[in-house]
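Colleague: From TrEMBL, here are the annotated features:
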| type | residues | note |
| --- | --- | --- |
| COMPBIAS | 1-34 | compositional bias 'Basic residues' |
| COMPBIAS | 35-80 | compositional bias 'Low complexity' |
| COMPBIAS | 94-109 | compositional bias 'Low complexity' |
| REGION | 1-109 | region 'Disordered' |
């Protein structure tokens with residue numbers, strides 16, 4: 001098994017006195033790595049958004065419990081926590097969207 005940096009196609013180009021990346025702005029490997037990085041970033045952002053959405057569900061459930069217990073202070077607290085959780089989710093969703101767009105651009109290159 002020859003080493004990775006010495007492949008048949010490269011041997012040919014070296015024999016003709018050319019460097020292997022000549023005429024290509026990005027090597028295939030570079031492009032693939034950029035694409036993989038963008039994809040994994042998008043996946044992570046999506047995971048974060050999902051977690052944030054779960055936070056909203058939890059806050060809403062606590063609000064329901066407060067309403068059942070007829071506790072005004074707990075209901076107020078629950079309302080606040082719902083608002084906070086929603087803001088977090090919105091932010092996470094925006095980030096996920098941006099990451100997805102970046103991944104799309106990387107795939108197009």
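Residue positions begin at 1 at the first shown residue.
Glycine too: its Cβ is placed from the backbone N, Cα and C atoms.
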Colleague: With Cβ-Cβ distances below 8 Å as the criterion, list the same-chain residues six or more beyond the ends of the compositional bias 'Low complexity' (94-109) that contact it, or say none.
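Modeller: Residues packing against the compositional bias 'Low complexity' (94-109) from afar: 26, 31, 34-35, 37-39, 41-42, 44-46, 48-49.
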Colleague: Mind tallying the compositional bias 'Low complexity' (94-109) by DSSP state, helix then strand then coil?
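Modeller: Counting residues per DSSP class in the compositional bias 'Low complexity' (94-109), I get 15 helix, 0 strand, 1 coil.
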